[in-house]
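> I have a structure here, written as C-alpha cells, and I will follow up with some questions on it.
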C-alpha cells in the first residue's frame, strides 16, 4: 500500500460504510419516496445524494477542525514532517467516499450523465491519494473541504425537484442557500485559498514534482467551479427577478365603463 496501515484502513472502511449504507437504503427505502413515486433512476440518485450529505457534513466539521490547527510551524502546512493531525484523518475519509461515489457513477454511467462531476471526482481522488502519501497540503485542505458545505443545500434542492415540489418557500430557500454557499466557498473561499497558496510559495517550493501536479489540478478544480458558477449565478439572478416581480404591484386594467368614457 502507498499509505500507512491506519490511513489505508480508514479509506477502505469509509468505502465499505457507504457501500453498506447504500444497500440498506435500497433495501429499506427509508428517508426516500417509494420507487413508484419517483422511478428507479431518480431513486438510485436519491440514495446516493443522501450519502453525499453525510460526507458533506463530516467534511464541513472536519474543515473547522483543520482551520483550528492554523497556524502551522514552518512548512508543516504544506510539507508535513510526519505529524498526524486532522487533515490526514479527514482526507482519508474523503478518499473513501470518493472511491464509493466514483464506483456509483460508473455503475450508473448510462443514467447519470453528469460528466463534469465524474471528472471532478477522479481529479480530486488522485489529489487525495497523493497528498495522503506524503501528508502534504494540510493547510489548503481546510479551505478545500469547506466547499462541501454547498453540497447539503444542493441536495435539498434536488430532493424537492425530484419529489415535485419545485415551488414555494422551501425550494426558494434551498436554491438561495445553495447559490450563496457555492459562490462563498467554491468561488470566493477557493480563490482566497489559491491566493494564500501562492503567497506561501517559499514554503512548498522544494516539493517534489508530484506536488506541482497536484497544485495544477487544484487550479483545474477552481476552473471547473467557475464553469459551474455561470449556471449558479444565472439561476440566482432568475430567482431574484422572480421575487422582485412578485413584490411589484400589478397594474389594474380600467373597467369597461371607464374605457368607454375615455
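Placement of Cβ uses the backbone N, Cα and C atoms for every residue, glycine included.
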> So which range, 117-136, 237-256, gets flagged transmembrane segment in TrEMBL?
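In TrEMBL, residues 117-136 carry the label transmembrane segment.
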> State the mean pLDDT for the domain 'TLC' (41-241).
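That stretch averages a pLDDT of 94.
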> Looking only at residues six or more beyond either end of the transmembrane segment (168-189), which have a C-beta under 8 A from one in the stretch?
143, 146-147, 149-150, 153-154, 156-157, 160-161, 225-226, 228-229, 232-233, 235-236, 239, 243
